[in-house]
Amino acid sequence: MKKLCTADQMHHMDQTAMYGKYKIAPVVLMENAGHAVVEKAKDLIISWHNKRVIVFCGKGNNGGDGFVIARHILAEGARVFVYVLGKDASYSTEANYHLQTLYAMAEEGSCVIENYAEGNEDNQQLHQRLKETDIIVDAIVGTGFHGQLHNPATFLVRCINDAAKNGKIKVIAVDIPTGVNTDTGEISGNGEEHTGEPIYADMTVTFGALKRGMQFYPGKKCCGSIVWDPIGMPVSLLRNREQNAAYLLETADIERVLCSRAPDSHKGTHGTIAVVSGSRDMIGAPLMTCRGAMRAGAGKIFLRVPEQTASYCIGKLPEIMVRGIGSGSEFSENDVFQILEEAKKWTVIAIGPGMGKNSKTKTFIQEVIRNTTCPIVIDADALNLIHSEKEFISPYGKRIIMTPHLAEFSRLSGVSIAEVKKDVIEAAKHFVHEWNVTLVLKGAPTVIVSSDAQTVYVNPTGNAGMAAGGMGDVLTGMIAAFAAHDGMPDLCAAACSGVFIHGAAGDYCYNKYGPYGYSPCEVADAIPRVIKALEIAGDTASEDRNLFGMMESI
Ligand SMILES: NC(=O)C1=CN([C@@H]2O[C@H](COP(=O)(O)OP(=O)(O)OC[C@H]3O[C@@H](n4cnc5c(N)ncnc54)[C@H](O)[C@@H]3O)[C@@H](O)[C@H]2O)[C@@H](O)CC1
Ligand SMILES: Nc1ncnc2c1ncn2[C@@H]1O[C@H](COP(=O)(O)OP(=O)(O)O)[C@@H](O)[C@H]1O
Ligand SMILES: [K+]
């Protein structure tokens, strides 16, 4: 997994590298950062040779990286214009050091430097150069950005975005696109026209650690492809676990917790999953949950639905065992006894999909939670029914996984969707502090929080083709199956495995069918292929474990 840092955490990492025990000279770290951009950008632009490039350098250290970039690409044969937004004296020692080198080179005529801080800018000339350029380097503002962009950044960013609209000019962002909040992914101008919009880059080369804001919309949309470079940071700083940590899940993390099946295992080894769900109008939902559980490798699956819906379910999935409970078309408290009689034999319960909104069902859910001891995955209608019951849920939180999408989360937490979106990670952590559960906050991207609220995982898989009814139902079954999986370390690992593999199965369908119309059942049916690809990835020594390539070859 890769660390996802806030601006403060990045600053701390930089400071420790430079002034802690490692004593890396600041000028060297900046040199490494600038050089990393020059090298990594070749994936996009192939070569700097003979390219016309404008490098916009802001007043902080992000601008300092820009000076280094300018020097290196000159050596590679680019024609370079450097716009310097700060005054010499206001730059950090290391940025100024690189700026002076660049001045010396400009004196020899190698490049053109425009001092944009003097107030006598020739914008006519700037527009002309923007028209003629091949590449723009955005070193205006990096992790030091806060609030809304102000001039001259606002003006320059608009000019850059306008010039690049035709798609012929490539925009490369240094560390993070100007105008994207490092911690949250909020953008300057909030996407409104005629405000201080952010840079929309084709590629972002980011340093030391990935930034949280680059994984969340709308910031993610500004980054283009994201390339990471360690810039010579000591490995312990790159890898150490820390307080308030967030991580981006990777193939290797999931492959590590999904142990391969013991050759002498039997159906009892792989868990007994009970899907307790459904109501008259929504009987497809629990069936999709069962399908998710089956494809994720559950040993045995029991579907328990209200009696009046049972005849519809029987035989729909021959692999599962169906029984009608009580006598109605929705669960009620009268049905609890029948469920509890069986529950002792169940490894994990999945509850909620298609359960309806009848208030009698709420008591049923509470009694099932109160009187069982196994892990429970709570989704969909069950979340809506227990929406204000955090005092009831929290004592059982250590064995509960809740899987709300944003609207369900908003109802549960009482925080508006708009407010949650401003900082998804903080909203999710705050929720877990109060509810004590393992949380799967579904969305783009999905965020998983461990029940001690210490660690946040962000999922990189999945695509907008998954925005279709029933996808979440499949995920619920998968998480339940993984929670029962032999050797699964804990509920958080099960939740991460479910979310990652669910998204990867969606990505497989996207590649096969395109973004429209693949179904939740097709996603479920792609799960074994993803798990097989994970096994192959585990056997592959290569660092670059391309899960997707492996799925294609299966
Ligand atoms: N030693 C380090 O700390 C390293 C830092 N590096 C670079 O340094 C960057 C961080 O440097 P800084 O902390 O100097 O910050 P930045 O250079 O990212 O931003 C600070 C500058 O941006 C301006 N600014 C902030 N908000 C603004 C707004 N809303 N509108 C217009 N201008 C705004 C500030 O006035 C200030 O001049 C990183 O993103 C990275 O590119 C790299 O060189 C690697 C090493
Ligand atoms: N744009 C998207 N990008 C990535 N994943 C998505 C996107 N839209 C939806 N998903 C995923 O699809 C699933 C949808 O779940 P949910 O909203 O609960 O659907 P339902 O309730 O209809 O089953 C979630 O896992 C979510 O993360
Ligand atoms: K930048």
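Glycine too: its Cβ is placed from the backbone N, Cα and C atoms.
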Cross-ref TrEMBL: AMP site Lys442, Gly443, Ala444, Pro445, Thr446; candidate in list Gly414, Gly470, Gly472 matching that site is Gly472
In TrEMBL, the K(+) site includes Asp138, Thr178. Which of Asn50, Asn61, Asn62 does it also list there?
Asn62
From Asn62, Asp138, Thr178, Ala444, which binding-site residues have a C-beta atom under 6 Å away from some atom of ligand 3?
Asn62, Asp138, Thr178
Within the same chain, the residues at least 6 apart in sequence whose Cβ is under 8 angstroms from that of Asp175 ((6S)-NADPHX binding site) are Ala33, Asn62, Asp65, Gly142, Thr143, Thr204, Val205, Thr206, Phe207, Lys211
The answer for which binding-site residues (Asn61, Asp138, His146, Asp175, Lys442) have a CB under 6 A from ligand 1 is Asn61, His146, Asp175
Using C-alpha atoms only, work out the spacing between Ala444 (AMP binding site) and Asn61 ((6S)-NADPHX binding site) and round it to an integer in Å.
31
Residue among binding-site residues Gly64, His146, Lys442 with Cα closest to the Cα of Asp138 (K(+) binding site)
Gly64
For Gly443 (AMP binding site), the close binding-site residues (Cα within 10 Å) drawn from Asn61, Gly64, His146, Thr178, His405 turn out to be His405
